[in-house]
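Participant: One structure follows; several queries about it will come next.
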Amino acid sequence: MKTAIYPGSFDPVTLGHVDIIERSAKIFDKVIVGVLRNSAKSPLFSEEERVNMLKYVTRDIPNVEVLSFDGLLVDFARLNGANVIIRGLRAVTDFEYELQLAQMNRVIAPELDTLFLTTNLKYAYLSSSMAKEVAMYGGDISAFLDPEIAKKVRDKFRGKILGYQGER
Ligand code: ADP
């Protein structure tokens with residue numbers, strides 16, 4: 001059985017991520033989406049929220065499982081019997097970092113390979129942080145996120161603004 005891991009922060013999951021997950025699920029017997037628990041990026045959504053959002057958007061893909069992890073990606077992959085790491089590439093700006101990461105993982109876990117899927121051109125510009133930035137200023141994020149996820153992002157920012165005002 002060929003199992004792949006698709007790791008990331010997914011803060012929140014975008015339509016670009018969903019596209020990569022759908023395509024990976026056609027290539028592999030099983031795809032484990034690995035949500036990085038303690039992202040250095042101080043996430044907007046908690047680990048549980050990010051996992052639940054991913055479970056929601058992948059509910060119709062039977063060979064996808066969503067788990068969270070901490071520590072080394074290669075340990076998480078080994079623990080789950082995965083032999084391939086999937087990463088998405090949007091533009092050359094992703095390339096240098098991704099190449100370095102893949103090479104480092106290859107040195108510490110030679111049995112694991114990294115497979116890059118190029119973005120669907122529709123989502124080449126899209127990142128979680130861009131979607132959050134647009135939402136923060138009240139812009140329309142419906143082209144970036146599943147409608148339910150977009151609602152959660154809007155609610156989160158609304159809550160933050162109310163919370164802030166409440167503290168004053
Ligand atoms: P990380 O913090 O690990 O970069 P992200 O959640 O930002 O986590 O991204 C996870 C993976 O998905 C990365 O490989 C990233 O390049 C890829 N990715 C992000 N956005 C897109 C997109 N719009 N199209 C294709 N791949 C994407």
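Heads up, the Cβ atoms here are built off N, Cα and C, so glycines get one too.
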Participant: Would you identify which residue of Ser9, Ser127 TrEMBL lists as part of the substrate site it also attributes to Lys41, Leu73, Arg87?
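Facilitator: Record check against TrEMBL: substrate site with Lys41, Leu73, Arg87, extra candidate from Ser9, Ser127 is Ser9.
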Participant: Can you tell which of the binding-site residues Lys41, Leu73, Arg87 lies nearest to His17 (ATP binding site) in space, using Cα positions?
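Facilitator: For His17 (ATP binding site), the closest Cα among Lys41, Leu73, Arg87 is found at Arg87.
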Participant: By a simple count, how many Cβ atoms lie within 10 Å of the Cβ of Arg87 (substrate binding site), its own Cβ left out?
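Facilitator: Looking across every protein chain shown, the total is 19.
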Participant: Tell me the Cβ contacts of Ala124 (ATP binding site) under 8 Å, same chain only and six or more apart in sequence, or just say none.
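Facilitator: Sequence-distant Cβ neighbours: Arg90, Ala91.
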Participant: What's the CA to CA span in angstrom from Leu126 (ATP binding site) over to Lys41 (substrate binding site)?
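Facilitator: Cα of Leu126 (ATP binding site) to Cα of Lys41 (substrate binding site) measures 17 Å after rounding.
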